[in-house]
Structure formats: structure tokens, C-alpha cells
2 protein chains.
Amino acid sequence: MKENRYYSPSVHGPYEVAELGELPLAAGGALSDCRVAYATAGRLNEAGDNAVLFPTWFGGTHLPILNAYVGPGRALDPERHFVIVVNQLGNGLSSSPHDTAGELAGAAFPALRIADDVRAQERLLDRLGVGELQLVVGASMGAQQAYAWAAHAPQRVRRLAVIAGTAVTSPQLALLAEALADAIVSDPGYDDGRYDAPAAVRDGLLRHARLWAAIGHSSAFWSREHWRTLGFGSAAKFRTGFLDAHFTRMDPLALLRMLDKLRHADVRSGDADLAETLGAIAAPALVLAIDHDQLFPPADCAADASLLPAAELRVLESVTGHQAIFGAEASYREQVDRHLRELLAREIP
Amino acid sequence: MKENRYYSPSVHGPYEVAELGELPLAAGGALSDCRVAYATAGRLNEAGDNAVLFPTWFGGTHLPILNAYVGPGRALDPERHFVIVVNQLGNGLSSSPHDTAGELAGAAFPALRIADDVRAQERLLDRLGVGELQLVVGASMGAQQAYAWAAHAPQRVRRLAVIAGTAVTSPQLALLAEALADAIVSDPGYDDGRYDAPAAVRDGLLRHARLWAAIGHSSAFWSREHWRTLGFGSAAKFRTGFLDAHFTRMDPLALLRMLDKLRHADVRSGDADLAETLGAIAAPALVLAIDHDQLFPPADCAADASLLPAAELRVLESVTGHQAIFGAEASYREQVDRHLRELLAREIP
């Protein structure tokens, strides 16, 4: 166990941690004491039919999701909904290499898969007394968890919304995930995961952040100097003040376990093909692609949508590209809210 | 000076080397003994009006260009044209860090800019007795050299064809070039450029090749397993057999000088803006974009074309994406030939 103050309520605001016992893992092995960190907004109503689940994206926690997607007057409104924002395994707040003791500590922490998140989150819902979910919604790797929920626990999912994510990570994105991992493990300070503190891997973390700069935001975001709309005076200041600051505080092994999970994200299980797996998702679904997204291009999102029996594709407009999911743009938040409101208003037989 | 057998006729076929004397450099300093390696096909006719100049792309030499773009019955036909394929400075065959002696050897080798290539190539043409060029054509960084030719030596350029390249490197591509350089210099074996042989930087060169895999070919190239059409049985074999083999034989400093040149590629000089610079290019021009190109997206190529007074944009179809420029696909070669034939047939007043 290593202390890392980044992964604390002082940085991410209040959250709860559910101790969920031993969790067998899809890629082998088990977490002996699986912990899932989550934050909620609103309350479960008496009928128990107002719960919404929102899992986190790569490197994110519950905080940016609460800030960007949940609030009074929003589509996800604590006055009406019980919103559970759940941190994915390995993100530093839920079970992660740095805060695990014993045999699975640090570099010995096992490989994680999206399916593990769904199983851990199912237990969390049981603990919270939540049966059905009115909506499972996620962005990026959160969308991949939402797809897995709809495919593997369909009895609990009444509606599905996936934002800027695909059911299977594309081969190209898998290569990018590999390159992002390369940027970290190539730092001699990483030392096969035996580093003492993230600061020892600072060069690698900076390279990882610099590569995100080149792929996470769209080409137009940079050429049109769209970072100005986020309050930065230069591209260099945006990179230093936002991307470098964001990623260099994180634990290298946490990032690596998430990258490995991203690389292998695949909603299929066993011998089922994608058409079969997505074709079995009967829940009304919205597939929200971002027009300038280079990581999960609209064409790939559209291909998934075409395999879902009850889905509609909507293309969100944002020059930012993939990282629009942070929700810094009012126009992005408004578009997402409009679509989610429509989905939530739909009567489910 | 360090021997590197990759940069020899045994690998790249026969070529000539022109010794061009001292070349002042755009970014400061000078090459005291500038050498330019080139290969020709065909002969200059008596009227001296059949010369075509074709500069190389990043990491490339004259060889893949001769193989993919020049030959009997092709648009560039040695029976009719005098084709000069010229290696860009820093590519390992023309003046480069590893084969320079004295004060500018190795890591002390100066920064290069596209404008330096044009000035060196002008001297080469003088040496070859070539006045006007019927056509300057290049792909990727070769296109950037072609743009610079048309802008800065317009009196010698009768026609311009740019393939999969823009007049100014986009901010996003500059970030990618930085990440590609990071992959190399982060290798402890690089040792600030004091490595003894490229093999000492093998890990960094492999990371650099792996990042190219993720960005040089299109998403569809990987997801549709288009590498099968190139004769590879798996994606892993394509990466090892083509990309790793291609890039790990090169000199790290040569790659770094070319990446720095790519990062700073900008056809503008002084205070001129892009509209002014491209607007002054009167030569008939073809801007050939590749539909799946993620490095020089068709929209960016189209923006350049719209600023050229006598240009037409044509979009080439290739699932391969940017690396289609290697010309492995017959359909790509046919499309390029069709467009170049049309341009070459055009009468120039």
C-alpha cells in the first residue's frame, strides 16, 4: 500500500466505498477484497424506479461526471433521479494497485476487464437496494461498461445511453492504448512497477500526457485554437495546465491497468459474435457519437447502433473531439441533456 | 562518422551523390559540405523540358518512389520524362547526422527545415543542367517540399502535384511528431544522441515504429484486416515484418531531424500569411488527398487547395490511409497516374 493524496476526497470530493468481498476476475485470478468507490446524487424513491448508473471513463472519477452531467434542471436531476456514479476498478479510488495490500499489491495487481466492473457494480446495486436501473449511461470506457451492462445484466437495464464509446475497442485504438502504455513503462523510473512514488515516473507520465494531447482532442481543436474557449492563453498553457496536470498526478500502475482494460474491451463473451451480442439488447438505446471524435469515430459508433434492435444514433457536435466528454462546453451539455431527456421520457412496456 | 549499412546502395539501389558546398540553413548555422543523394530515371531531352522532381517522404528514400510511381507505361515514364528523385536532407542518404564528420557530427548536426531542401535541390538542378521543371510532385513531407518549391522558386515550377500533404503541418500533427520523437529520445540508450549504434536505441526505435502503426494506417486498415492484401497473415506479422523492420534499421538522429523538420514545416516565410503565400502560386496544381488519411486529413488538404489559384482537389480512395503513399495498392497507383497524366497533358501558356 502506498499513500497517494490524489486519490482522496480532498481532490475528488466526498464518496463512499463499498467493500464487496472476493471478486473473481475475467482474465484470471480474483480480487480478495474488492472495493468500489462511488458517489450518489438524489435518493432512491419508494417505488425503487428512479436509479441511474453512470460508470467512469479512463483516468476519470465520479467528480467530473457529477459536475458535467448531473444537477438541478439537468436531464439527470437529483430531485427526480437517484444517480450512482461509480468509479471503475483500477481508477485509483476503487480497488487499484497502489491501495491494495498483500500479494496483489502494486505490480502484482491483476489484469482487469470491463466484465469485472459490471459484476462489482451489480453487487454495489444489491448493497444499495437498487433492482432495476432506469438508465445506464457512460462515456468512453464508461460507454463500454454500459454496453456490457446491457448485454450481460439485461434484466436490470431498462434504458441504455452510450456516449463516445464502442462495444469493442477498435484495433487502432488498441494500438494507441499500447503506445500510451509504452510511454509510461519505458521510463526507467517505472522499474517494472517497483517505483516508490509516481514522481519517480514523472517523465513517463508526461510522455503519456503528451500523447493524449495528440490523440484525445481533435485536429480542429488545435488548429482553431479551441482551447481559448476553455480559458487558456496558449496551446502550451493548455497542455501544461490541463493535460499534464491531469495525468501526472495519477498512479502509473492505475493508468496501465485501465489501458490494458481499454485495449481488451469487448462486449462479446464466449463464442457470440457482435451482431448476436448487440442484437440481444432489447432495451431502448441511444448511441451518441461526437462528430470530431478520432478515438471512437462516429462511423464506428454508427456500426454498433445498426446492430442494436432498439437504438438510435445521434451525432453530437463538438470541435473538441473525444475529450468533449469532460463537458466543459455548454453546447455539449445541452445536446446530451436533450437526448437523455428524450430517452428517459420514453415509456418502457 | 558512423557506418550504417542501411544507408547504402545494397539496400536502396544505385544512386548518385552531389557535393553542393556550404548550405546556409533556415533555422541557423550551415552545412559545410552539403550532400544530396538522388536517383534519376530517363534522360533530359534536348529542349530541356521534360524534367520532373520528386522529393522523398519521412523515413523514405528514392527507392520506394521509383518502385511505386515511375516506370514504363506509368504517368511518370522514363521514356518521356527525366525523373529526379531526391532524398531529403537528414534522411540518411543525403547529409545526415551519422555520416557527417567534424563539428556537426551526430548530435551536433543542425536543425533542418523544408526550405533547406528546396535550396539544396535548386543547386542540384543547376548541376544537372535542369532549368524548368515540368512537374514538382511529392507525397507527405515530399508534398511539403513541393509546396515550398512552388512558393519560393515559382519561376522553375510549371506544374505542382501534392499528395497526402499540407503546406503547413497542423498543430495536431506537430504534437504527434513530438510524441514520435519522445518515443526515441526516452530510450536511455539514446543518451542525448551519443549512442554508438542504432542497435543501442532499439527499444526507442521499436516504440517509434509502434506509434506509427497506430497513426500512419487508418482505423479501417486495421479493423478490415486490410494488411491481408499486403500478404501478411496477421496484424502482428504486419507490424513486425513491415513497420518494425522498416523503422528499426534507421538512424535515430536521422529520424529525429526529420521529425523536427516535419513539426516545423510551414510554407510561409517572413510575415506572409497562408492565403497570400498559396495565392501567389500560379502554376496549375493538383491537390491529391487520401480519403482515410488521419495525418493529413482531406479537409486540411482541401483548405490548401481552396487557397491555390489554379488547383483542383481530388480525393484518392484507399482504406490504407496515409501510408497508401507507399503505393502497394494497384488501385492507388492507377488513381495517382490518372490524375498526374491529366496534369502533365495540360498545356502551360
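Cβ atoms are placed via backbone N, Cα and C, with glycine included.
Unlike curated entries, TrEMBL annotations are predicted automatically.
Mapped onto three states, the DSSP output places B:S140 (active site, nucleophile) in coil. Within 10 Å of the C-beta of B:S140 (active site, nucleophile) there are 26 other C-beta atoms, taking all protein chains into account. For B:S140, the entry in TrEMBL reads active site, nucleophile.
Annotation source TrEMBL lists active site at B:D293 (among others). Counting every protein chain shown, the Cβ of B:D293 (active site) has 26 other Cβ atoms within 10 Å.
A 10 Å cutoff on Cβ-Cβ distances gives B:H322 (active site) a total of 25 other Cβ atoms nearby, all chains included. Reduced to three states, the DSSP call for B:H322 (active site) is helix. As annotated by TrEMBL, active site applies to B:H322 (among others).
Annotation source TrEMBL lists domain 'AB hydrolase-1' at B:53-323.
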Between the Cα atoms of B:S140 (active site, nucleophile) and B:H322 (active site), what distance do you get, rounded to the nearest Å? 8
Averaged over the domain 'AB hydrolase-1' (B:53-323), what pLDDT does the predicted model reach? 97
